[in-house]
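Note sheet for the following structure.
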Amino acid sequence: MLKPLSYLTYFKGNIKKSMSLILSIAFSIVLLGSIHMFITNSINTGTIVSRQSERYTIINGVEKPISEFYLNKIKGNEDIDQVIPVEREFIEYMGVAIAGSCHYYKLNREDIIYLMDVLGIDYDNSQIPLNDSNKLIIHQDILVNNDLDIQDTYEETIDHNLLTIDLTFQGDYLVGFVPKTIDRNERHNTYIVIPKEGKLEEVNHFLNSEADTNIAVQDVTFWEEIYDRILGDVNNLFDIITVVVVIIIGIGLGISTYVHYFQRRKEFGILLSIGYKHRSILMRINKEILITSVLSFVLGLSILLIELTIMNYFIISDEGLPLFEVDLALLSKICFIPLFTSVFSLVPTWVLLKKIDSISIIEGVN
């Protein structure tokens with residue numbers, strides 16, 4: 001025989017109420033989880049685009065070529081391995097929630113070989129095109145993201161030259177190269193500064209301390225500040241939305257649960273009259289609410305994982321983008337919904353139960 005107020009008995013007798021509660025919490029979890037995944041994916045996209053700043057730093061003349069005085073200081077620094085003059089172009093890289101761009105560099109063929117080695121790109125150097133052949137070597141994900149293929153023609157954004165996509169590569173850095181003759185004896189607007197192993201922080205400090213108003217040092221901090229400005233406000237807005245949704249859902253479902261248990265006060269009165277103690281009834285009510293919250297969490301997380309799988313394998317993987325992921329930050333946020341719902345449901349129900357008098361409840365309802 002099923003015990004009074006067992007969850008199975010409760011569920012069978014209150015299917016509409018139970019399902020509405022479970023679905024409300026579950027879809028709130030899906031809503032917040034989806035927003036979090038999109039924001040995290042955007043942050044990951046930005047991080048990948050600028051990841052090469054972990055291996056080298058770009059210095060750029062703002063209004064004119066970088067002065068010879070500054071260049072000589074850089075070249076004389078014992079922590080710096082190479083200072084390579086480059087011309088820089090941009091190619092679009094469209095994320096799920098943000099639009100960005102990746103760099104590709106025009107530089108001497110021998111410098112491309114050196115730079116690819118610095119970035120850990122495994123490549124057959126003999127396949128790299130000759131200087132001034134107007135051929136582009138680019139990361140496979142950038143190619144896929146722009147719906148391009150090998151031997152396609154790409155028109156540059158700034159110079160509007162037509163480049164032939166010659167080769168692609170895989171690796172951790174979204175970047176590209178165009179072999180071009182660059183005179184190292186001339187002054188240029190843009191240089192790649194490559195530190196010796198383990199000296200990136202010292203080199204970045206040196207570059208920033210010696211830079212004048214004409215020089216932009218695009219190091220790790222530079223890129224972090226850009227993405228903080230772009231995504232910081234969005235992240236703050238998401239945190240506010242999370243708090244508002246949790247409070248509204250918690251209070252709304254708490255009131256709904258209180259009304260539901262108030263309508264069941266005759267049942268509680270009967271249980272009290274046949275010998276059940278307040279504590280025993282309260283524990284069974286707690287069990288109902290907690291099981292409902294757990295089922296809601298499991299359902300919401302399951303739907304979220306299905307959404308993640310569909311997005312990753314049917315959409316994202318074909319766009320050359322980082323995959324959606326479920327991380328600890330996401331789990332901690334969606335856990336608040338069933339937790340707050342339980343609290344807002346339990347407290348008023350406890351108050352209700354303390355006011356129940358078995359005889360008056362039975363007589364009053366009849």
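Every residue, even glycine, has its Cβ placed from backbone N, Cα and C.
Note that TrEMBL annotation is computational and uncurated.
Long-range neighbours of the transmembrane segment (21-39) within the same chain, counting only residues 6 or more positions beyond its ends whose Cβ lies under 8 Å from a Cβ of the stretch, are 96-97, 231, 234-235, 238, 241-242, 245, 249, 253, 256-257, 292-293, 295-297, 299-301, 303-304, 307-308, 311, 324-326, 329-330, 333-334, 337-338, 341. Summarising the annotation, TrEMBL assigns transmembrane segment to 21-39 (among others).
The transmembrane segment feature in TrEMBL is assigned to 237-259 (among others).
The domain 'ABC3 transporter permease C-terminal' feature in TrEMBL is assigned to 240-354.
Residues or ranges marked as transmembrane segment by TrEMBL: 289-316 (among others). Using a Cβ-Cβ cut-off under 8 Å and counting only residues 6 or more beyond its ends in the same chain, the transmembrane segment (289-316) has close neighbours at 7, 18, 21-30, 33-34, 37, 41, 96, 257, 322-326, 334-335, 337-339, 341-342, 345-346, 349.
Remote same-chain residues near the transmembrane segment (328-353) are listed as 25, 28-29, 32-33, 36-37, 40, 242, 245-247, 249-251, 253-255, 257-258, 261-262, 265, 268, 278, 281-282, 285-286, 289-290, 293-294, 296-297, 300-301, 304 (criterion: CB distance under 8 Å, separation of at least six residues from the stretch ends). Per TrEMBL, transmembrane segment is recorded for 328-353 (among others).
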